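TrEMBL annotations:
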- Lys41, Gln104, Gly136, Asp167, Lys310: UTP binding site (BINDING)
- His137: substrate binding site (BINDING)
Amino acid sequence: QPYEKIKARGLPDNIASVLNKLVVVKLNGGLGTSMGCKGPKSLIGVRNENTFLDLTVQQIEHLNKSYNTDVPLVLMNSFNTDDDTKKILQKYSHSRVKIYTFNQSRYPRINKETLLPIAKDVSYSGENTECWYPPGHGDIYASFYNSGLLDNLIAEGKEYIFVSNIDNLGATVDLYILNHLMNPPNGKRCEFVMEVTNKTRADVKGGTLTQYENKLRLVEIAQVPKAHVDEFKSVSKFKIFNTNNLWIALSAIKRLQEKNAIDMEIIVNPKTLDGGLNVIQLETAVGAAIKSFENSLGINVPRSRFLPVKTTSDLLLVMSNLYSLNAGSLTMSEKREFPTVPLVKLGSSFTKVQDYLRRFESIPDMLELDHLTVSGDVTFGKNVSLKGTVIIIANHGDRIDIPAGALLENKIVSGNLRILDH
(Lines of atoms letter the chains of each structure in order from A and count residues from 1; the text may use other names and numbers.)
(Lines give C-alpha, C1' and ligand atoms only; values in the text may rest on other atoms or scores of the structure.)
Protein backbone atom coordinates (compact mmCIF):
# COMPACT_ATOMS: atom_id res chain seq x y z
CA GLN A 1 0.00 0.00 0.00
CA PRO A 2 1.25 3.51 -0.70
CA TYR A 3 2.12 5.43 2.46
CA GLU A 4 0.18 8.46 1.15
CA LYS A 5 -3.05 6.46 1.37
CA ILE A 6 -2.35 5.53 5.00
CA LYS A 7 -1.36 9.08 5.89
CA ALA A 8 -4.50 10.49 4.24
CA ARG A 9 -6.65 8.87 6.93
CA GLY A 10 -5.25 11.37 9.42
CA LEU A 11 -4.91 10.72 13.14
CA PRO A 12 -7.57 10.09 15.80
CA ASP A 13 -7.96 12.38 18.81
CA ASN A 14 -6.83 9.64 21.17
CA ILE A 15 -3.40 9.10 19.64
CA ALA A 16 -1.89 8.84 23.13
CA SER A 17 -3.94 5.75 23.95
CA VAL A 18 -2.72 4.17 20.70
CA LEU A 19 0.91 5.08 21.48
CA ASN A 20 0.62 3.48 24.90
CA LYS A 21 0.18 0.11 23.16
CA LEU A 22 3.52 0.44 21.37
CA VAL A 23 7.03 -0.79 22.20
CA VAL A 24 10.07 0.36 20.19
CA VAL A 25 12.64 -2.40 19.63
CA LYS A 26 16.09 -1.64 18.22
CA LEU A 27 18.40 -4.31 16.87
CA ASN A 28 21.61 -3.60 18.76
CA GLY A 29 23.70 -6.73 18.26
CA GLY A 30 26.25 -5.30 15.84
CA LEU A 31 29.79 -4.10 16.43
CA GLY A 32 31.33 -1.07 14.73
CA THR A 33 34.11 -3.17 13.19
CA SER A 34 33.26 -2.29 9.57
CA MET A 35 33.93 1.35 10.50
CA GLY A 36 37.12 0.56 12.42
CA CYS A 37 35.55 0.90 15.89
CA LYS A 38 35.66 -1.41 18.85
CA GLY A 39 32.49 -2.04 20.83
CA PRO A 40 28.81 -1.63 19.93
CA LYS A 41 28.06 0.23 16.72
CA SER A 42 25.27 2.10 18.52
CA LEU A 43 27.89 3.99 20.57
CA ILE A 44 29.55 5.65 17.54
CA GLY A 45 29.06 9.43 17.51
CA VAL A 46 26.83 10.42 14.61
CA ARG A 47 25.87 14.05 15.05
CA ASN A 48 27.04 16.73 17.51
CA GLU A 49 28.58 14.07 19.77
CA ASN A 50 25.27 12.17 19.84
CA THR A 51 25.47 8.40 19.28
CA PHE A 52 22.86 6.22 17.55
CA LEU A 53 21.64 5.27 21.01
CA ASP A 54 21.44 8.91 22.19
CA LEU A 55 19.35 9.85 19.16
CA THR A 56 17.00 6.89 19.71
CA VAL A 57 16.45 7.78 23.36
CA GLN A 58 15.88 11.47 22.46
CA GLN A 59 13.26 10.53 19.85
CA ILE A 60 11.26 8.34 22.22
CA GLU A 61 11.61 10.77 25.12
CA HIS A 62 10.26 13.54 22.86
CA LEU A 63 7.31 11.30 21.96
CA ASN A 64 6.57 10.49 25.61
CA LYS A 65 6.75 14.12 26.67
CA SER A 66 4.70 15.43 23.73
CA TYR A 67 1.82 12.98 24.18
CA ASN A 68 2.24 12.18 27.89
CA THR A 69 2.74 8.50 27.07
CA ASP A 70 4.90 5.61 28.21
CA VAL A 71 6.52 4.09 25.11
CA PRO A 72 9.40 1.87 26.27
CA LEU A 73 12.62 1.14 24.38
CA VAL A 74 13.84 -2.44 24.11
CA LEU A 75 17.35 -3.22 22.88
CA MET A 76 18.16 -6.63 21.46
CA ASN A 77 21.85 -6.98 22.33
CA SER A 78 24.26 -9.73 21.41
CA PHE A 79 26.96 -11.22 23.63
CA ASN A 80 29.27 -8.83 21.76
CA THR A 81 27.42 -5.66 22.75
CA ASP A 82 25.63 -6.44 26.02
CA ASP A 83 28.24 -5.40 28.59
CA ASP A 84 29.20 -2.11 26.94
CA THR A 85 25.57 -1.21 26.26
CA LYS A 86 24.49 -1.87 29.84
CA LYS A 87 27.28 0.33 31.17
CA ILE A 88 26.19 3.23 28.99
CA LEU A 89 22.47 2.84 29.82
CA GLN A 90 23.09 4.29 33.29
CA LYS A 91 23.36 7.72 31.73
CA TYR A 92 19.68 7.57 30.67
CA SER A 93 18.38 6.66 34.13
CA HIS A 94 16.69 10.06 34.49
CA SER A 95 15.27 10.23 30.97
CA ARG A 96 11.59 9.70 30.35
CA VAL A 97 12.02 6.34 28.64
CA LYS A 98 11.94 2.92 30.26
CA ILE A 99 14.75 0.91 28.70
CA TYR A 100 14.86 -2.90 28.68
CA THR A 101 17.38 -5.25 27.12
CA PHE A 102 17.46 -8.90 26.19
CA ASN A 103 20.15 -10.95 24.50
CA GLN A 104 20.30 -12.76 21.21
CA SER A 105 21.39 -16.38 21.18
CA ARG A 106 24.99 -17.46 20.84
CA TYR A 107 25.58 -20.04 18.11
CA PRO A 108 28.73 -22.03 17.32
CA ARG A 109 30.65 -21.24 14.13
CA ILE A 110 31.03 -24.30 11.93
CA ASN A 111 34.22 -25.43 10.22
CA LYS A 112 33.55 -25.28 6.48
CA GLU A 113 35.53 -28.47 5.79
CA THR A 114 34.38 -30.75 8.61
CA LEU A 115 30.96 -29.11 9.20
CA LEU A 116 31.61 -29.45 12.94
CA PRO A 117 31.54 -26.63 15.52
CA ILE A 118 35.00 -25.13 16.03
CA ALA A 119 34.42 -24.52 19.74
CA LYS A 120 35.93 -27.10 22.07
CA ASP A 121 33.49 -26.31 24.90
CA VAL A 122 30.67 -23.88 25.67
CA SER A 123 32.79 -21.30 27.45
CA TYR A 124 33.04 -17.84 25.97
CA SER A 125 36.44 -16.51 26.92
CA GLY A 126 40.02 -16.23 25.71
CA GLU A 127 40.62 -17.83 22.35
CA ASN A 128 37.15 -19.40 22.43
CA THR A 129 35.46 -16.04 21.70
CA GLU A 130 36.07 -16.46 17.95
CA CYS A 131 34.07 -19.69 17.99
CA TRP A 132 30.69 -18.05 18.53
CA TYR A 133 28.42 -15.67 16.67
CA PRO A 134 24.95 -14.09 17.07
CA PRO A 135 22.69 -15.81 14.49
CA GLY A 136 21.20 -12.78 12.72
CA HIS A 137 18.21 -10.69 13.74
CA GLY A 138 15.71 -13.46 12.87
CA ASP A 139 16.62 -14.75 16.32
CA ILE A 140 14.49 -11.94 17.83
CA TYR A 141 11.33 -14.03 18.10
CA ALA A 142 12.77 -16.87 20.16
CA SER A 143 15.09 -14.68 22.25
CA PHE A 144 12.39 -12.09 23.03
CA TYR A 145 9.99 -14.84 24.05
CA ASN A 146 12.55 -16.79 26.09
CA SER A 147 13.70 -13.67 27.95
CA GLY A 148 10.25 -13.34 29.56
CA LEU A 149 10.11 -9.72 28.41
CA LEU A 150 7.49 -10.46 25.74
CA ASP A 151 5.06 -11.80 28.33
CA ASN A 152 5.75 -8.88 30.69
CA LEU A 153 4.99 -6.33 27.97
CA ILE A 154 1.78 -8.12 26.96
CA ALA A 155 0.76 -8.12 30.64
CA GLU A 156 1.32 -4.33 30.66
CA GLY A 157 -1.16 -3.98 27.80
CA LYS A 158 1.35 -3.50 24.99
CA GLU A 159 0.14 -4.76 21.59
CA TYR A 160 2.69 -3.92 18.89
CA ILE A 161 6.45 -3.66 18.53
CA PHE A 162 8.16 -1.39 16.02
CA VAL A 163 11.44 -3.10 15.13
CA SER A 164 14.31 -1.47 13.24
CA ASN A 165 18.09 -1.46 12.94
CA ILE A 166 19.67 0.95 15.40
CA ASP A 167 21.85 2.34 12.59
CA ASN A 168 18.82 3.37 10.49
CA LEU A 169 18.39 7.01 11.48
CA GLY A 170 15.17 7.27 9.43
CA ALA A 171 13.34 4.68 11.52
CA THR A 172 11.31 6.93 13.79
CA VAL A 173 7.89 6.06 15.21
CA ASP A 174 5.31 6.86 12.53
CA LEU A 175 1.91 7.72 14.02
CA TYR A 176 0.02 7.15 10.76
CA ILE A 177 1.28 3.59 10.37
CA LEU A 178 0.61 2.90 14.05
CA ASN A 179 -2.94 4.21 13.69
CA HIS A 180 -3.46 2.04 10.60
CA LEU A 181 -2.42 -1.00 12.65
CA MET A 182 -4.56 -0.22 15.67
CA ASN A 183 -7.63 1.07 13.78
CA PRO A 184 -7.61 -0.80 10.46
CA PRO A 185 -10.05 0.56 7.83
CA ASN A 186 -11.57 -2.89 7.21
CA GLY A 187 -11.69 -3.87 10.88
CA LYS A 188 -9.14 -6.69 10.47
CA ARG A 189 -5.80 -6.02 12.11
CA CYS A 190 -2.47 -6.76 10.44
CA GLU A 191 -0.13 -8.96 12.44
CA PHE A 192 2.93 -7.89 10.46
CA VAL A 193 3.75 -4.74 8.49
CA MET A 194 6.97 -4.34 6.53
CA GLU A 195 8.02 -0.87 5.41
CA VAL A 196 9.45 -1.04 1.90
CA THR A 197 10.74 1.82 -0.20
CA ASN A 198 11.59 2.39 -3.85
CA LYS A 199 14.90 0.95 -4.99
CA THR A 200 17.60 3.22 -6.33
CA ARG A 201 20.92 2.17 -7.84
CA ALA A 202 22.37 2.27 -4.34
CA ASP A 203 20.06 -0.42 -2.95
CA VAL A 204 20.29 -3.21 -5.49
CA LYS A 205 21.17 -5.72 -2.77
CA GLY A 206 18.13 -5.07 -0.56
CA GLY A 207 15.61 -7.88 0.01
CA THR A 208 12.28 -7.61 -1.80
CA LEU A 209 8.67 -8.64 -1.14
CA THR A 210 6.93 -11.27 -3.24
CA GLN A 211 3.56 -12.95 -2.96
CA TYR A 212 3.47 -16.73 -2.97
CA GLU A 213 0.58 -19.04 -2.03
CA ASN A 214 -1.40 -16.04 -0.74
CA LYS A 215 1.32 -15.06 1.70
CA LEU A 216 3.89 -12.29 1.51
CA ARG A 217 7.50 -13.45 1.49
CA LEU A 218 10.84 -11.73 1.79
CA VAL A 219 13.41 -12.74 -0.80
CA GLU A 220 17.01 -11.84 0.09
CA ILE A 221 19.93 -11.68 -2.33
CA ALA A 222 21.64 -14.54 -0.46
CA GLN A 223 18.74 -16.83 -1.46
CA VAL A 224 18.94 -16.01 -5.17
CA PRO A 225 20.72 -18.50 -7.46
CA LYS A 226 23.79 -16.94 -9.11
CA ALA A 227 22.18 -17.08 -12.56
CA HIS A 228 19.37 -14.78 -11.39
CA VAL A 229 21.30 -12.26 -9.29
CA ASP A 230 21.36 -9.61 -12.02
CA GLU A 231 17.62 -10.01 -12.49
CA PHE A 232 17.11 -9.66 -8.74
CA LYS A 233 19.19 -6.45 -8.70
CA SER A 234 17.21 -4.95 -11.57
CA VAL A 235 15.47 -1.73 -10.56
CA SER A 236 12.74 -2.23 -13.17
CA LYS A 237 11.76 -5.79 -12.21
CA PHE A 238 11.87 -5.44 -8.41
CA LYS A 239 10.97 -1.85 -7.63
CA ILE A 240 10.97 -1.98 -3.84
CA PHE A 241 13.18 -3.29 -1.06
CA ASN A 242 12.79 -4.02 2.65
CA THR A 243 13.93 -1.21 4.97
CA ASN A 244 13.80 -3.61 7.95
CA ASN A 245 11.36 -1.26 9.68
CA LEU A 246 8.76 -3.76 10.89
CA TRP A 247 5.57 -3.52 12.94
CA ILE A 248 4.58 -6.81 14.57
CA ALA A 249 1.74 -7.84 16.90
CA LEU A 250 3.03 -9.13 20.24
CA SER A 251 0.17 -11.61 20.63
CA ALA A 252 1.01 -13.11 17.23
CA ILE A 253 4.69 -13.56 18.15
CA LYS A 254 3.62 -15.34 21.34
CA ARG A 255 1.12 -17.59 19.53
CA LEU A 256 3.55 -18.57 16.77
CA GLN A 257 6.50 -19.01 19.12
CA GLU A 258 4.48 -21.33 21.36
CA LYS A 259 3.50 -23.44 18.36
CA ASN A 260 7.08 -23.31 17.05
CA ALA A 261 5.50 -22.07 13.81
CA ILE A 262 7.83 -19.25 12.80
CA ASP A 263 9.46 -20.43 9.62
CA MET A 264 12.47 -18.52 8.31
CA GLU A 265 14.82 -19.52 5.51
CA ILE A 266 18.34 -20.13 6.70
CA ILE A 267 21.00 -17.88 5.21
CA VAL A 268 24.44 -19.46 4.89
CA ASN A 269 27.06 -16.81 5.62
CA PRO A 270 30.64 -17.92 4.85
CA LYS A 271 33.38 -16.12 6.80
CA THR A 272 37.13 -16.34 7.11
CA LEU A 273 38.51 -15.88 10.63
CA ASP A 274 41.66 -13.88 11.37
CA GLY A 275 43.77 -17.04 11.43
CA GLY A 276 42.55 -17.94 7.92
CA LEU A 277 40.09 -20.64 8.98
CA ASN A 278 37.00 -20.81 6.76
CA VAL A 279 33.79 -21.07 8.74
CA ILE A 280 30.05 -21.05 8.09
CA GLN A 281 27.50 -19.05 10.06
CA LEU A 282 23.84 -20.00 9.77
CA GLU A 283 21.64 -16.94 10.13
CA THR A 284 18.02 -15.85 9.77
CA ALA A 285 16.50 -12.44 9.03
CA VAL A 286 13.67 -10.94 11.10
CA GLY A 287 11.65 -9.98 8.00
CA ALA A 288 11.68 -13.52 6.61
CA ALA A 289 9.05 -14.51 9.19
CA ILE A 290 6.44 -12.39 7.38
CA LYS A 291 5.04 -15.51 5.72
CA SER A 292 4.17 -17.06 9.09
CA PHE A 293 1.91 -14.18 10.18
CA GLU A 294 -1.71 -13.58 9.27
CA ASN A 295 -2.86 -10.58 7.28
CA SER A 296 0.57 -9.11 6.62
CA LEU A 297 1.11 -5.95 4.62
CA GLY A 298 3.87 -4.02 2.88
CA ILE A 299 3.70 -0.23 3.05
CA ASN A 300 5.69 1.74 0.47
CA VAL A 301 7.17 4.52 2.60
CA PRO A 302 9.16 7.61 1.62
CA ARG A 303 12.88 7.12 1.21
CA SER A 304 13.44 9.37 4.25
CA ARG A 305 12.48 6.43 6.50
CA PHE A 306 15.56 4.56 5.30
CA LEU A 307 18.73 6.35 6.34
CA PRO A 308 21.22 3.64 7.32
CA VAL A 309 24.77 4.41 8.39
CA LYS A 310 26.88 1.44 7.32
CA THR A 311 30.04 3.27 6.21
CA THR A 312 31.84 6.57 6.76
CA SER A 313 30.39 7.67 3.38
CA ASP A 314 26.93 7.39 5.00
CA LEU A 315 28.28 9.11 8.11
CA LEU A 316 29.42 12.10 6.04
CA LEU A 317 25.87 12.54 4.72
CA VAL A 318 24.19 12.52 8.14
CA MET A 319 26.81 14.80 9.73
CA SER A 320 26.46 17.38 6.95
CA ASN A 321 24.12 20.32 6.45
CA LEU A 322 21.91 18.11 4.25
CA TYR A 323 20.12 17.21 7.48
CA SER A 324 18.89 19.13 10.46
CA LEU A 325 18.49 17.51 13.86
CA ASN A 326 15.35 18.02 15.91
CA ALA A 327 14.48 16.02 19.06
CA GLY A 328 16.71 13.14 17.96
CA SER A 329 15.24 12.99 14.43
CA LEU A 330 17.13 13.89 11.27
CA THR A 331 15.19 15.58 8.50
CA MET A 332 16.41 16.65 5.07
CA SER A 333 17.18 20.37 5.02
CA GLU A 334 14.53 22.53 3.37
CA LYS A 335 17.34 24.35 1.61
CA ARG A 336 18.07 21.31 -0.55
CA GLU A 337 16.17 21.78 -3.77
CA PHE A 338 15.57 18.09 -4.55
CA PRO A 339 14.88 15.37 -2.01
CA THR A 340 17.37 12.76 -3.26
CA VAL A 341 20.54 12.06 -1.31
CA PRO A 342 23.90 12.66 -3.05
CA LEU A 343 25.93 9.59 -3.97
CA VAL A 344 29.08 9.64 -1.82
CA LYS A 345 32.00 7.24 -2.23
CA LEU A 346 34.94 7.76 0.11
CA GLY A 347 38.03 5.63 -0.57
CA SER A 348 39.82 3.22 1.76
CA SER A 349 41.77 6.03 3.51
CA PHE A 350 38.41 7.06 5.02
CA THR A 351 37.10 3.63 6.06
CA LYS A 352 37.87 3.95 9.77
CA VAL A 353 35.96 6.59 11.71
CA GLN A 354 39.10 8.04 13.31
CA ASP A 355 40.84 8.42 9.91
CA TYR A 356 37.68 9.89 8.42
CA LEU A 357 37.39 12.48 11.21
CA ARG A 358 41.05 13.41 10.85
CA ARG A 359 40.62 14.12 7.13
CA PHE A 360 37.82 16.68 7.55
CA GLU A 361 38.64 19.85 9.49
CA SER A 362 34.96 20.58 9.19
CA ILE A 363 32.18 18.82 7.28
CA PRO A 364 31.81 20.44 3.83
CA ASP A 365 28.69 22.26 2.68
CA MET A 366 26.89 19.59 0.61
CA LEU A 367 23.50 21.20 -0.01
CA GLU A 368 24.01 21.30 -3.76
CA LEU A 369 26.09 18.13 -4.14
CA ASP A 370 25.02 15.34 -6.52
CA HIS A 371 28.01 13.04 -6.48
CA LEU A 372 31.29 12.88 -4.56
CA THR A 373 34.10 10.38 -5.13
CA VAL A 374 37.30 10.64 -3.10
CA SER A 375 40.24 8.28 -3.48
CA GLY A 376 43.70 8.28 -1.94
CA ASP A 377 45.35 10.58 0.60
CA VAL A 378 43.00 13.57 0.59
CA THR A 379 42.23 16.05 3.37
CA PHE A 380 39.63 18.82 3.52
CA GLY A 381 40.21 22.21 5.16
CA LYS A 382 37.52 24.17 6.98
CA ASN A 383 34.38 25.47 5.25
CA VAL A 384 34.80 23.71 1.91
CA SER A 385 31.74 23.75 -0.41
CA LEU A 386 30.99 20.87 -2.77
CA LYS A 387 28.45 21.26 -5.59
CA GLY A 388 27.35 19.12 -8.53
CA THR A 389 29.76 16.29 -9.30
CA VAL A 390 33.13 16.38 -7.54
CA ILE A 391 35.81 13.73 -8.07
CA ILE A 392 39.08 13.92 -6.10
CA ILE A 393 41.74 11.34 -6.81
CA ALA A 394 45.20 11.45 -5.22
CA ASN A 395 47.59 9.12 -7.00
CA HIS A 396 49.65 6.65 -5.00
CA GLY A 397 52.29 8.59 -3.04
CA ASP A 398 50.63 11.96 -3.69
CA ARG A 399 48.60 13.93 -1.23
CA ILE A 400 45.86 16.43 -1.99
CA ASP A 401 44.82 19.05 0.56
CA ILE A 402 41.64 20.86 -0.38
CA PRO A 403 42.29 24.37 1.00
CA ALA A 404 40.00 26.01 3.57
CA GLY A 405 37.08 27.89 2.05
CA ALA A 406 37.45 26.18 -1.36
CA LEU A 407 34.39 25.89 -3.61
CA LEU A 408 34.47 22.85 -5.87
CA GLU A 409 31.64 22.76 -8.40
CA ASN A 410 31.67 20.06 -11.11
CA LYS A 411 35.40 19.54 -10.68
CA ILE A 412 37.84 16.71 -11.12
CA VAL A 413 40.91 17.10 -8.91
CA SER A 414 43.64 14.65 -9.77
CA GLY A 415 47.10 13.48 -8.68
CA ASN A 416 49.09 16.66 -8.86
CA LEU A 417 46.37 19.02 -7.65
CA ARG A 418 45.29 20.22 -11.09
CA ILE A 419 41.67 21.24 -10.82
CA LEU A 420 39.79 20.44 -14.02
CA ASP A 421 36.27 21.36 -15.05
CA HIS A 422 33.98 18.35 -15.05
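Including glycine, each Cβ sits where the backbone N, Cα and C put it.
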His137 (substrate binding site) and Gln104 (UTP binding site), distance between Cα atoms, whole Å: 8
Other CB atoms, at most 10 A from the CB of the residue listed as 'substrate binding site': 25
Most Cβ neighbours inside 10 Å, all chains, among the binding-site residues Lys41, Lys310: Lys41
C-beta crowding around Asp167 (UTP binding site), within 10 angstroms: 22
Whole-number Å value for how far His137 (substrate binding site) lies from Asp167 (UTP binding site) (Cα to Cα): 14
Nearest-integer angstrom distance between the alpha carbons (Cα) of Lys41 (UTP binding site) and the residue listed as 'substrate binding site': 15
